[in-house]
């Protein structure tokens, strides 16, 4: 098996062979091609890698903007030198990957922008540590139990919405008081 990857980051940036340090300005570190993204009738990838943005050389980072018009797909593929983190900004995507170490088992999931989600450590003995990344410097969090059951939403409305009775809703509210 052959593996590849980026070299260790040893400098703040790498000057391309066709430039000298005296020719480097702030524009060398600014990529502007994504400012003019437009809708597309077919699946489209706008890459930002060393080829498009030489300032990324030596930084061990790149990204791509993927645009999916209705009914389009990004064909199955691999990234031989990298892991991938996909952040869905808008819409809904069916995503999946094949675990080649487990008899080619397929894992799939539907992602939705703004999807209600949670985390739960089901291990009764071991702690868990997680890191979340957000597409905002001020993402905020809205706790749904508090927003639903610690407000003045009418008990009958909540009972109908959750297909239960008013007594159950009142118990939930009491538990959050």
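Heads up, residue numbers simply count up from 1 along the chain you see.
The backbone N, Cα and C atoms fix where each Cβ goes, and this holds for glycine too.
Helix, strand and coil counts from DSSP across the domain 'Cupin type-1' (31-170) read 25 helix, 26 strand, 89 coil. Per TrEMBL, the feature domain 'Cupin type-1' maps to 31-170.
Among the features that TrEMBL reports, oxalate binding site is placed at 74, 79, 84. Residue 79 (oxalate binding site) has a Cβ environment of 8 other Cβ atoms inside 10 Å.
Residue 77 (Mn(2+) binding site) has a Cβ environment of 7 other Cβ atoms inside 10 Å. The Mn(2+) binding site annotation in TrEMBL covers 77, 79, 84, 117.
Geometry remark: residue 84 (oxalate binding site) versus residue 77 (Mn(2+) binding site), CA distance 11 Å. Over the domain 'Cupin type-1' (31-170) the predicted model carries a mean pLDDT of 79. Sequence-distant contacts (6 or more apart, same chain, Cβ under 8 Å) of residue 74 (oxalate binding site) comprise 43, 45, 66, 68.
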